[in-house]
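Here Swiss-Prot flags 3-23, 42-61, 68-90, 110-130, 134-154, 162-182 as transmembrane segment, drawing on sequence analysis.
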Amino acid sequence: MKLILLILTAYLLGSIPTGLWIGQYFYNINLREHGSGNTGTTNTFRILGLKAGAATLLIDIFKGTLATLLPVLVGASNVSPIAIGFFAVLGHTFPIFAGFKGGKAVATSAGVLLGFAPLYLLFLAAVFVLTLYLFSMISLASLTASVVAVISVLTFPAAHFLLPGYDWLLTITIVVLAAIIILRHQDNMKRIKQQSENLIPWGLNLSKQQPTNHH
């Protein structure tokens, strides 16, 4: 019973559509009708600005972290925190409070890792920031970090680097989260190929793509 309650709580936590609600209640703007139509951090930044984007990012990360820490907070030592955190990402991606149309799972996945393996998250965040600096594309940075996450979760434990040993639940969760992130970025991948992906005004833009307003 406790397990079911933890899963349900994590899913409902993840389901809070941060960007959508911030847009509706503070800006009277429906994010679904602007930019890419996505309710995640990137579109919130683009449409509503820095304050709203930063708030969305922090809350979406916090959703994942809090869900991951739930078993610890309620003293359920026999329940895997990473497994509970996964249901927050599921909620974020398919939120019951927003017609099951949610974000692209990046921020909340980061939150889950922050609660479970913070040093490992720091490594993936460095990969994300480096890719973002080189290519000026948030989507490409997210995809690169996801692929690196899968490779590293399979290899780092052997060298006891950042991850102390193989944890099959962590490994499965990382692989599934990476798959969700990649699947949620299908449109972005097409635009990257066509050299029409949205750029941010930071970094080297090594692909030499021209800035575009394409959404």
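Positions of Cβ are set from backbone N, Cα and C atoms, glycine also.
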Remote residues contacting the transmembrane segment (3-23) - C-beta distance under 8 A, at least 6 residues beyond either end: 29-32, 39-41, 43-44, 47-48, 52, 55-56, 59-60, 63-64, 66-67, 70-71, 74, 76, 79, 84-93, 95-98, 102-103, 108
Same-chain residues at least 6 beyond the ends of the transmembrane segment (134-154) whose Cβ lies under 8 Å from its Cβ atoms: 42, 104, 106, 120, 123-125, 127-128, 162-163, 170-171, 174-175, 177-178, 181-182, 185, 188-189, 191-192, 197-207
